[in-house]
């Protein structure tokens, strides 16, 4: 995943065009070397976008015939209660998953403590959920959340709290999902924050400490502002990932789960409409709208970054 | 600061790490229990080492076949990405040809589009080729990556121009320079991209669910999902299956940790 | 496989925006034909399927049959996408809720002519099942098996609570009384499992209460009918009185597993799950006919059929195989495995004897009271919403009547769109 910002190639400085003799055939080599990639991305990614947009104006029968229906798929989106619910769930999920960012910053700051030993050991442990297969993650947490035999409810019972069937209870299911999402993201985000922290020049801390700032004050006055580009990057990423939520929802909330409609995301709804119910045209319209939402949110985030992101 | 005063930091980190690792601990423990033990309260802490849970996973589904599929899929996608992305990235970074920037930006626009927009046509292409329920169908779209190209291009641009200048004066063509001069220098970048791709590919779920519904042709991620469909709430078996499916990638991570962390840190830096 | 060249041509064509590439696979060069046969129950029926194919290939050496197993949850998704792409299996399992759609969309090969030509006696199969797979006067499938629902009970729990075993004379009141006595919160034992499953659970009581799911003319939902609602309330009472685990609990822990591990004393389930219960170690289970409701006895009957894909490349061989699947010989193999009640006349006895430790006869005895599984032309158009609605209705704090009536409106709208 990347951001718009990186799309603008800042190549003036790095490009050694000056002394190079322009060869007649350089362009042939250039085209030849990009050809496989351009063909692959063109066939499997770029052209499909065009096709999908076209499909969003068509209707498909169950077995694959399609016909032009104009805007009716988009009209249907406005009246589809399941889609409205999925939008709400998706935004709620995306928003709540931002709560993982402060935890990740704390972990990164702790790991970045000068003179700390065992850093890579800790990092490995925090990173384990990131590399674990989502299918496995879903199974493990489904079991932990079990209302009768789950470890979580057992732990709660020790302190006198009676738990619930966390992922079958419509009022807790989405939050249970957010917790799993955050758990899988902490290690990843912490690594990005550690890189951000390490790029903060130490003389700034020295200056702050001469001014009499304690460690907490230093954190808020020096660390956080200088970390803001990383925070920005991670929050854009979190929101985009949140909008894309699929694996865990698909695996943890199967058919017959009473909390299913309270946890379906736009992408899981897209999946069942397109590939389980065969409504590919309607699903394509959902995907197009999701793209517009993603673009809009990204633009908003970039607009807002001017207010709080400090580029050193 | 003296390390003696670091114990509060250690304490905080250890508590956090315990919370991160606890689910895995519980997974391993449950995988060794009988169903009765798993559903006992208070929980059983010393399991009866019910290895038959693992045997059941191996016996009931084509687990080994799926393991093989996952390896082929992961290796195929990774090698292809390393080759195609670095080849194009070098051209974008160092060669001059008309339309270079326009093409590059057009390719990068792929990164801005949610994956669902590709899925339906990708499915049709694979179906049109007769590749549903085959390994080529599983691998094909994942062989190309705009992200990988961008990453490798950035990497090539950090390399000094002098090294290739010598080869150029010797009359070597760009492909040769790429292959024998630049690629060896790009090893760290290739490793980072490689580990990221391996990780993504091994764990990928949605594409396999769509194109390979035949258990014999599924990778582990989708196979495990099917196992859950069959065994519903037979938790010891499910834990054994999930452990076996995710263990290989965890081992890869522990071995290649440095490259992976570098790759991720790179994506976070500007 | 037609090779890489073809793939590249196709890829090129797609770039140019041309559609319509399909590979032209087919028979092998040595004249041997390979058929694919898809099914969804490996656990109970995989062994019988393999044996049937073994028998078939012995008498038909020029035909090879490849079994393709897909778990039930993914089966229809896969079949549908494959059918859309022209690459569905040659022969596959079909059920009542889907037959209308698949037949009307032209995905299945009509077999009436072949039946007449080869003089296949359809009278050997239960009429309700033959009718189920006849759409607009054409036959599309040969019945494979049938199933009814029974009251499974845990003998040990009944003995411990000193409750007499259920028998054919039981009514709803007997179930209510027994559930109360059998429930033991201290041990985590519940009298009965009131799961929101249609076929196994609430369809049966809807019929026993005199209600209906879809009207005979397939135009109206029965969910606003007072009798139908009474059939649903029967279950809701158990949930409200905590004589059944909650829907949430049974989502966390599959009720089938709960019954097997002695957490449920009574459990309505189909004949198809008999092997699981008869063979679970440490479980002393038996089965009785479903108790009668206010309007008498009833059980849901449903049966699968084998069908041929309309676009199969080997219609002749596929028909040969289908005919064999419908033969007495193949049905006998099914009967002996105990997995399902074979559809072929006279073979039910073999099935009943396959698991002597449980009274499977209870499933056969209910045949005179059996009601066909409710379907319309596009059952899938409302069945998912039905599961969601009734799951909700059975959840804590919900009123069955309100939710059912709301769903009736949804279902009526879906039915009105069927042509």
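First residue shown is number 1, and so on along the chain.
Cβ from N, Cα, C; glycine included.
Keep in mind that TrEMBL annotations are predicted by a computer and have not been checked by a curator.
Pulled from TrEMBL, these are the features on record:
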- B:67-256: domain 'ABC transmembrane type-1' (DOMAIN)
- B:7-26: transmembrane segment (TRANSMEM)
- B:71-93: transmembrane segment (TRANSMEM)
- B:102-123: transmembrane segment (TRANSMEM)
- B:135-156: transmembrane segment (TRANSMEM)
- B:177-202: transmembrane segment (TRANSMEM)
- B:235-256: transmembrane segment (TRANSMEM)
Remote residues contacting the transmembrane segment (B:102-123) - C-beta distance under 8 A, at least 6 residues beyond either end
92, 141, 146-147, 149-150, 153, 206-207, 210-211
Which one of these stretches, B:7-26, B:71-93, B:177-202, B:235-256, has the most C-beta pairs shorter than 8 Å to the transmembrane segment (B:135-156)?
B:71-93
Please indicate, using numbers and ranges, the residues of the same chain that are 6 or more beyond the transmembrane segment (B:235-256) and have a C-beta under 8 Å from a C-beta there.
27-28, 30-35, 37-39, 50, 53-54, 56-57, 63, 67, 191, 195, 198-199, 202-203, 220-221, 223-224, 227-228
Outside the transmembrane segment (B:7-26), six or more residues from its ends: residues with CB under 8 Å to it
none
